[in-house]
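K.L.:
What TrEMBL records for B:Asp34, B:Thr48, B:Asp79 is Mg(2+) 4 binding site. What TrEMBL lists as Mg(2+) 3 binding site is B:Asp34, B:Asp79, B:Asp221. The annotation Mg(2+) 1 binding site is assigned in TrEMBL to B:Thr49, B:Asp50, B:Asp127. Here TrEMBL flags B:Asp50, B:Asp79 as Mg(2+) 2 binding site. Marked as substrate binding site by TrEMBL: B:Asp57, B:Glu266, B:Trp311. If you look up TrEMBL, you'll see B:Gly126, B:Asp127, B:Arg152, B:Ser223 marked as ATP binding site. Look at TrEMBL and you will find B:Asp224 tagged as Mg(2+) 5 binding site. For B:32-142, the entry in TrEMBL reads domain 'PurM-like N-terminal'.
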2 protein chains.
Amino acid sequence: MAGDVRVGDLDETALLARVVPLLPTEALLGPGDDAALVAAPDGRVVATTDVLVEFRDFRRDWSTGADVGWKAVAQNVADVAAMGGRCTGLLIGLALPTDLEVAWVEDFARGTAAACARFGAVVVGGDLSAAGEVVVSVTALGDLQGRAPVLRSGARPGDVVAVAGTLGRSAAGLDLLLRGAPGPGADETLVEALVSAHRRPQPPVQAGPAAARAGASALMDVSDGLVRDAGRIAAASAVTVELTTSGVLGEWVRELGAEHVLTGGEDHALLGCFPPEAVLPAPFAVVGAVAPAGPHGVLVDGRPWTGTTGWDHFLR
Amino acid sequence: MAGDVRVGDLDETALLARVVPLLPTEALLGPGDDAALVAAPDGRVVATTDVLVEFRDFRRDWSTGADVGWKAVAQNVADVAAMGGRCTGLLIGLALPTDLEVAWVEDFARGTAAACARFGAVVVGGDLSAAGEVVVSVTALGDLQGRAPVLRSGARPGDVVAVAGTLGRSAAGLDLLLRGAPGPGADETLVEALVSAHRRPQPPVQAGPAAARAGASALMDVSDGLVRDAGRIAAASAVTVELTTSGVLGEWVRELGAEHVLTGGEDHALLGCFPPEAVLPAPFAVVGAVAPAGPHGVLVDGRPWTGTTGWDHFLR
């Protein structure tokens, strides 16, 4: 049976022959030579890389291969969007245990392809290696369409702070998976939506270029939690980011809890700062304002946040 | 003592603060934001990625952190050179065991920096994660300076086949490491040179653009062994690659053995095919000729090769 074939039963060429046809690979030159060739229309290329490791970034009993493929694409296209760019190509490195089912790898490729279709990306290259645990490395390339990149360092006092996408849903979904089962009386539709947000994040990639066109002064991908990532804009821009829970942030906090919304990463929302005169592009919603630098980089309703501060790979 | 600090003793920010200053990071926009920005002067970008896994691609008792950093850079800049390009930027993903000494990571960064200096590259971005074993993923970006990429598929009957760089020295060096000690009467200078070839390969990166300028019809990086990689040119170009040991190839075979020279990868030599009228650029040396397609993709002195066929990640 196909499901019983393991990675170690095939050579690299045979494994590639199973996986590559499942992927969208349009490029000036796609997989198959020593390197790919990708268009960089404005003479510059945005480039970002992420490594996802089994047991740390995903668990194979909680996420299918397709979920992992989706997530790997989603978090990298989000980083390109966070510069104000659109993704022009992905390179995917896979290190695989030899006893891993080939069906898992094919499923990974299908999830990658589904995310590529959703986010407008293609796979231009990659590499396969053996390892003791599944390690996925993705590099995303992007195009700024002639615009300046939107950095973390451009926020100015008086700017509006806004979020596109969701916050806390992935963390709430992970929490449900960690607890094993939702409590009695849980809203099943909500449970399913939260778990799905964890398995298949939906970064609002169109909002990145839209923010750049609208004149965003600073932009970043919320991958480590709102407070922590807002702190990075605050530090890079030498300002204070004042978050307020009177608006949409408060709605989310009431639905999901402050901890999830303020410290949960991996929804891959975009956090932007806009000059007061800018017209906020959809789907950005106001969550605060930028103030001059003070003793705290981030304030929540005027006070420093005293809960946990989000995800770190090494401190757990 | 600094040498006793482990990866798990630091958070990601603190670890980056130790490592990033050791690296050359010049770019339009280097590490520190959601993504880097790299010049792509001719409106296209070459892109390639490789994954190196501890115990498979390197051993920490045989290679220092600096050796591993060097090798990761070398094999990726070789892939860019194999398209006829020069490297414009590297992205490095590191997955690290939490009990790994931070000194190893700093050493890795120094080796990366040394290779960047040698090969004319810079590090523009990266990512850190935790894992059970060290996994290094490198993506190299490159520029073709307006030329067409040199593919594996362009070889034509009548072309000259030539190699720039060395073959078999890395494999011979690995063999010495595997055997634990050189035999009695071994040439110590040669032993040192071979082990060094394994630990710090020296791909002739200038030869890639030089081959392209000289009109090379096909070009690739020899990473899996000459016979295996020549077979890839043969398959992609629908030709036979006829290798001959009457010239430099024979000298190498006499010094290192046929198995090492014909199937050893990881020296990262460049294998090129040139039209008969082309002037071979230094340091390319003739190793054969291209003939029409036949029953075997590669012939060695007129016969099919019957030894092992080189490296595969999954079949060992």
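Each residue, glycine too, has its Cβ placed from N, Cα and C.
Heads up, TrEMBL stuff is auto-annotated, nobody curated it.
Tell me about the surroundings of these features in the structure.
P.N.:
Around B:Asp79 (Mg(2+) 4 binding site), the same-chain residues at least 6 positions away in sequence with a Cβ under 8 Å from its Cβ are B:Thr48, B:Asp50, B:Ala140, B:Asp221.
In the three-state DSSP assignment, the secondary structure recorded for B:Asp221 (Mg(2+) 3 binding site) is strand.
Of all the Cβ atoms in the protein chains shown, 24 others lie within 10 Å of the Cβ of B:Asp127 (Mg(2+) 1 binding site).
Packing around B:Asp57 (substrate binding site) is summarised by its Cβ count: 24 other Cβ atoms lie within 10 angstroms of its Cβ, all protein chains included.
B:Arg152 (ATP binding site) counts 22 other C-beta atoms within 10 Å of its own C-beta, drawing on all protein chains shown.
Counting Cβ atoms from all protein chains shown, B:Asp224 (Mg(2+) 5 binding site) has 20 others lying within 10 Å of its own Cβ.
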K.L.:
Around B:Thr48 (Mg(2+) 4 binding site), how many other CB atoms lie within 10 A of its CB?
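P.N.:
Around B:Thr48 (Mg(2+) 4 binding site), other Cβ atoms within 10 Å: 30.
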K.L.:
Compute the C-alpha separation of B:Glu266 (substrate binding site) from B:Gly126 (ATP binding site), stating it in Å without decimals.
P.N.:
24
K.L.:
Specify the count of other C-beta atoms within 10 Å of the C-beta of B:Thr49 (Mg(2+) 1 binding site).
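P.N.:
Around the Cβ of B:Thr49 (Mg(2+) 1 binding site), 26 other Cβ atoms lie within 10 Å.
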K.L.:
Among B:Asp34, B:Asp50, all listed as binding-site residues, which has the most CB atoms within 10 Å of its CB?
P.N.:
B:Asp34
K.L.:
Go through the binding-site residues B:Thr49, B:Asp224, B:Glu266 one by one and keep only those whose Cβ is less than 8 Å from a Cβ of chain A; report them in sequence order, or 'none'.
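P.N.:
Only B:Thr49 pass the 8 Å Cβ test.
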K.L.:
Cα-Cα separation of B:Asp57 (substrate binding site) and B:Ser223 (ATP binding site), in Å?
P.N.:
12
